[in-house]
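Read through the structure below, which is laid out as C-alpha cells, and then see the notes.
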Amino acid sequence: MAGSGELKLLGVWSSPYAIRVRVVLNLKSLPYEYVEENLGDKSDLLLASNPVHKSVPVLLHAGRPVNESQVIVQYIDEVWPGGAGGRPSVMPSDPYERAVARFWAAYVDDKVRPAWLAILFGSKTEEERAAAVAQAVAALETLEGAFGECSKGKPFFGGDGVGFVDVVLGGYLGWFTAIDKLIGRRLIDPARTPALAAWEERFRATDAAKGVVPDDADKLLEFRQTLLRWSASKAK
C-alpha cells in the first residue's frame, strides 16, 4: 500500500512519458506527490535520481528512484498488482499476451516517437515535416491492425480496461492534438484508422486520463516554442 509521502513523481506536464506514469498511478488509485520539473533548470533531485539520462519521469518509491516510463509502469503493476484492493492490472496475466503487449509498446516508441520528435522539433523544411508525418501515419496504420489483435473486439488494447499499450500510446495523444493543428489535419484520422480514432475518444474519457492528457493545442505549441528556444540557446 502506498502511504502518504511514499510515492513522488518528477515530471513535466506535457511529457508523454510522465503522462503514462500519471495515468497508471490514477488507474491504481495510488496517492502520490507530483513535482513539476523545469527542463531549462533541472532540479538537483532529478539530476541525482536519474544521473544517466537526466530526464523525466522519475518515480521515487520510499526515496528509491525508478527511471524510464515503460519500466516505471511495469514496476507499479508489479508492486501494486491487479486484484489487490480492487486495483486493475496493466500488464496481461498470460505470459504470451504480456509478450505481445511489450512488443507493441516497444513498437510505439520505436516508430511513433521519432516521427513525433521530427514533426515538432527536427523538421527544418516542409518536405522534412511531410516525411515525418508520413512516417507517423504509417506507424498508426500498423497500430490500427494491432488494436484488432490485442483488443479482441473490446474497447482497449488491454481488453475491457486500459492496459500497457493503451498507456504507452495514450501518452502521445496530447501532442497529437498539437500536431493536428500544426499540419491542418488529424494524425489519427477516423477515415483511415477508425478503430484508433474511437479508441482515442474512449481513452481520453477515462477518469485516469482526464486532467492528465493535455487537450490545449495552443498551450502545447507555445511550450514547443519554449523548448525550441532552449535547444537553440544550448547550441550556441
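Using the three backbone atoms N, Cα and C, a Cβ is placed for every residue, glycine included.
Since this is a predicted model, take the numbers as computed values, not measurements.
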Practice task
Can you match one of Ser14, Ser15, Ser93 to the glutathione site that Swiss-Prot gives for Lys42, Val56, Glu68, Ser69?
Solution key: Ser15
Exercise for the section: Calculate the per-residue pLDDT averaged over the domain 'GST C-terminal' (94-228) and state the result as an integer. Expected result: 98
Fill in the blank from the handout: When the binding-site residues Ser15, Ser69 are compared by other Cβ atoms within 10 Å, fewest goes to Ser15
Fill in the blank from the handout: For Glu68 (glutathione binding site), the three-state DSSP class is coil
Problem - For the domain 'GST C-terminal' (94-228), residues assigned helix / strand / coil by DSSP - result: 96 helix, 2 strand, 37 coil
